[in-house]
Amino acid sequence: MCLPGSSAGQSADGNPPHNKHASDNNDRAVARKVLDRGTLLACMSVVLLITGMSLTYPHMQSRRDELGCDSMCYGTMTSVRSALGLVGTAVVGRLSDKNGSPLARSLGSLGMRANNSPSGRRACLYLGTMATLIGLAIALSMNSLLGLWLSMIPDALLQHNFDVYKALLSEYHNDIDDLEARIGDDPSDEKEKTKYRDNKSSSPSRSGSVGKLGMSLGISFMIGPMIAALTSPTFQFAACFAIVCTVASGIVIFYLPLPIATAQKKVHDVRYENHPVLNKENEFSLMKLLKLQTPKSCAAMMLLVIRLNMSLAFQIFNTVWPASLKSRFNFGPSDHARFMSFIGISYAFSQGFLAKRLVQAWGKDGKVYLIMTCCAILGAGRYIAYFTNSLVVIYMTFLFIINALGTMNTVITADTGTIAPSDEIGALFGMLQAAESAAGIVGPFLGGVISKFGRDAPLIAVVGVYSGLFAFVSWGYDSYVVSSNCYDSKHEGSITSGRKEVKKTI
């Protein structure tokens with residue numbers, strides 16, 4: 001029996017089935033090449049950007065002292081940076097989803113000739129790069145307390161390239177999932193249909209891409225301080241080197257491939273954006289999430305709560321941790337440098353090697369137990385590290401803590417990419433990052449208030465937060481986040497058919 005609108009020996013779009021199948025397989029191969037190249041260039045851009053900036057970090061404290069920025073000034077600056085980040089991440093995330101905005105059509109069209117479609121993601125990446133350059137230029141030209149404040153503003157407000165890259169990688173994977181959904185919906189190929197059902201959402205693949213990006217971040221935080229320790233550059237030289245690295249990072253963005261869905265919209269962009277199926281209201285706004293009206297909004301809210309509590313736990317713990325190291329081991333700057341290098345190495349190992357393999361080993365059914373295990377390690381590990389009098393035990397404990405943190409971040413980021421469509425994923429990542437910025441504002445104050453109840457009270461609060469997360473994940477992660485992928489697979493047909501309908505009207 002023929003499909004509606006097709007004749008014998010033809011598919012619904014009028015093409016012979018074997019030609020359509022070959023075309024779909026070719027499109028899938030192209031999408032995977034775009035993913036591989038995009039992941040490589042994204043990692044290169046992150047390494048260049050963060051390496052340059054991290055070279056200036058060893059000078060920050062001495063520069064603040066030289067310019068008369070005391071602890072009150074630094075605390076205020078940290079709060080202002082978090083507040084600007086709270087606004088900036090949400091705005092940049094939303095802008096990165098808009099491929100038809102004036103910003104995307106101007107700045108976002110700067111790419112190779114074969115890759116110059118309007119892109120909100122590319123526009124926001126360029127915007128973040130320019131913000132970093134402006135901040136560095138101000139720091140070099142204004143050696144004053146005012147210059148210190150002004151140089152912080154552009155970077156805090158607009159430099160969110162890492163989150164935009166996470167959204168971009170998720171969009172690459174969404175392209176592959178859409179193509180495999182099309183193959184899985186083909187009634188002429190039962191083998192491919194079964195394969196698609198078994199591999200929907202490709203969690204290990206998403207985790208691998210996110211892990212490579214996180215590994216690049218960890219390596220970058222090691223390279224910069226290592227260069228600074230070996231060469232002892234002045235702040236002026238470090239800032240100039242950072243400018244060169246930032247410009248190189250921007251050049252990499254020029255060659256970044258666009259997701260297939262974005263590139264194919266160049267011809268019919270206006271009609272695509274006005275299509276009633278595709279141009280729907282953004283589901284991932286705070287007010288819509290609070291209403292919890294759809295499975296995806298419930299999943300997003302659960303991820304938001306997890307991110308917020310993880311960030312609060314970190315901020316509260318950080319109010320007592322440096323003083324604890326100082327009192328027990330007389331930690332100095334060199335000790336902190338070695339400890340941070342160890343953390344960077346551990347995080348890079350977790351993101352680049354361990355996380356993907358753990359996701360593969362535990363599988364989709366065991367993902368909840370993997371996150372619960374990470375919560376247990378993060379809570380118990382911090383308790384042990386706080387009370388032990390052995391530096392070796394601290395290093396061993398933090399090896400587990402950082403690997404658990406990296407694995408948990410990778411799983412959550414990969415799952416975030418599966419619950420939102422490509423034109424809303426930036427807004428969702430921005431909202432999650434905004435939650436972390438909010439924790440950066442509230443957390444230190446909350447830690448100070450809790451410490452009034454006893455020296456160890458903040459630690460007890462941190463253990464309590466992770467215990468609550470353990471129970472929270474056990475209660476709802478499988479029901480809301482994991483199951484949202486199944487919900488999406490049931491409704492993909494309407495979106496795919498909407499795209500085909502747009503193409504037919506042009």
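Don't overthink the numbers, they just go from 1 along the chain as shown.
Yeah, the Cβs are placed from backbone N, Cα and C, and that goes for glycine too.
Annotation comment: TrEMBL describes 1-27 (among others) as region 'Disordered'.
Here TrEMBL flags 38-57 (among others) as transmembrane segment.
What TrEMBL lists as transmembrane segment is 125-150 (among others). Long-range Cβ contacts of the transmembrane segment (125-150) within its own chain (Cβ-Cβ under 8 Å, at least 6 residues beyond either end) map to 45, 49, 53, 63-64, 67-69, 73, 77, 92, 103, 107-108, 110, 157-161, 164-165, 236, 239-240, 242-243, 246-247, 249-250, 253, 256.
Annotated region 'Disordered' per TrEMBL: 180-210 (among others), in sequence order.
Annotation source TrEMBL lists compositional bias 'Basic and acidic residues' at 180-200.
Annotated transmembrane segment per TrEMBL: 235-256 (among others), in sequence order.
Annotation source TrEMBL lists transmembrane segment at 297-317 (among others).
Proximity of distant same-chain residues to the transmembrane segment (367-386), defined by a Cβ-Cβ separation under 8 Å and at least 6 residues beyond the stretch ends, is recorded for 203, 313, 317, 320-321, 324, 358-359, 393-394, 397-398, 400-401, 404-405, 407-408, 411-412, 456, 459, 462-463, 465-467, 469-470, 473-474, 477-478, 482. What TrEMBL lists as transmembrane segment is 367-386 (among others).
For 392-413 (among others), the entry in TrEMBL reads transmembrane segment.
Residues or ranges marked as transmembrane segment by TrEMBL: 425-446 (among others). Residues 75, 78-79, 81-83, 85-87, 89-97, 120-121, 124, 160, 163-164, 166-167, 170-171, 174, 282, 284-286, 289, 300, 303-304, 307-308, 311-312, 314-316, 318-319, 416-417, 419 of the same chain lie 6 or more positions beyond the ends of the transmembrane segment (425-446) yet place their CB under 8 Å from a CB of it.
Outside the transmembrane segment (458-477) by six or more residues, the chain places 302, 305-306, 309-310, 312-313, 316-317, 319-320, 367-368, 371-372, 375-376, 378-380, 382-383, 386, 447, 450-451 with a CB less than 8 A from a CB of the stretch. The transmembrane segment annotation in TrEMBL covers 458-477 (among others).
Most Cβ pairs within less than 8 Å of the transmembrane segment (297-317), among stretches 38-57, 235-256, 392-413, belong to 392-413.
Under 8 Å from some Cβ of the transmembrane segment (38-57) lie the Cβ atoms of residues 125, 129, 132, 161-162, 165, 168-169, 172, 209, 212-213, 215-217, 219-221, 223-225, 227-228, 233, 235, 238-239, 241-246, 248-249, 252-253, 255-257, 259, all in the same chain and six or more residues away from its ends.
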